[in-house]
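Chemist: Structure incoming, see below.
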Amino acid sequence: QINLSVIHKYVDYLVSEQNVKNVFVNGTTGEGLSLSIQERKQLAEEWVCQGKEKLDHVIIHVGALSLPESQELARHAAAIGAGGIAVIAPFFFKPTNKDELTAFLQKVASEAPAVPFYYYHIPSLTGVKIRVEELLGGIKEQIPTFQGVKFSDTDLLDLAQCINKNAREQFAFLYGVDEQLLSALAIGADGAVGSTYNYLGRKTNLMLQAFAKPDLALARKYQFLTGEFLNFVIKLGFGVAQTKAVITFVSGIPMGPPRLPLVDASEEFIIKAKDKLDSIVWPDGD
């Protein structure tokens, strides 16, 4: 079951401990697609409520396999004052081309006509491999609220073409493959949305600062160390359940077990992951 009571602590932890001021709710790490519509609404309400005065942006993921459900979630997000909404491509009956995908996204976005809209591109999970570069052509005419993309794919050529072609539109490109963030920043990504920022947010912010200076050698050190940890845990088997376990032991906030068909992280994983994270010596001396 969802546990609303920890979100107050979770917001304070993200802001004070990780220097994270923006959240993406009901996405992959939050198991949004495993939750009921009512549960997703409850979580969205709690994050918006607890984030007032503390968070800069609360973006609610409202994608669903059913168009009416996605529209209902979009209307709800608008009503509670969400800072933005995002939608993945439907992944059972899939859109096969740009026009089909755009039509679906437009039908959802139009239900929240005053709320910034983001496309959530995650082809490894949806199986929808329509290139974002292609999708963006003329999209503002069909979706006036279109604000940008949560780009969770390793195809940096596609991302680079998106940024190059759409500079005038001032779309935001938020990168979602944490171990490649520095590469995405180098070609113009505006920011990031990812699971590791729950427990490595402060380190990633230091990497962003180093990149902005620019001190690329320092930025690379942070990226390489993040990658070293992820490379280690991926070999052990790393998914949403294991991410919850890592956030729990770093933050002290109980993230709980995942919902079936996912199963909880093993004690062996938790011990090994904690030892590995503790062993890393970061450039800031922590």
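Cβ atoms here come from the backbone N, Cα and C positions, even for glycine.
Annotations for this protein, taken from TrEMBL, read as follows:
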| type | residues | note |
| --- | --- | --- |
| BINDING | Thr29, Val193 | pyruvate binding site |
| ACT_SITE | Tyr120 | active site, proton donor/acceptor |
| ACT_SITE | Lys150 | active site, schiff-base intermediate with substrate |
Chemist: Looking only at C-alpha atoms, tell me how far Val193 (pyruvate binding site) is from Tyr120 (active site, proton donor/acceptor), rounded to the nearest Å.
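Modeler: Cα of Val193 (pyruvate binding site) to Cα of Tyr120 (active site, proton donor/acceptor) measures 10 Å after rounding.
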Chemist: Please report the distance from the Cα of Thr29 (pyruvate binding site) to the Cα of the residue listed as 'active site, schiff-base intermediate with substrate', rounded to the nearest angstrom.
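Modeler: That comes out at 14 Å between the alpha carbons.
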Chemist: State the Cα to Cα distance, in Å, between Lys150 (active site, schiff-base intermediate with substrate) and Tyr120 (active site, proton donor/acceptor), rounded to an integer.
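Modeler: The separation of the Cα atoms works out to 5 Å.
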Chemist: Which residues of the same chain, at least 6 positions away in sequence, have a Cβ lying under 8 Å from the Cβ of the residue listed as 'active site, proton donor/acceptor'?
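Modeler: Those within reach of the residue listed as 'active site, proton donor/acceptor', by Cβ under 8 Å and sequence separation of 6 or more, are Gly27, His61, Gly63, Ala86, Val87, Ile88, Val149, Lys150, Ser152.
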Chemist: CB neighbours of Val193 (pyruvate binding site) within 10 A?
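Modeler: A count of 23.
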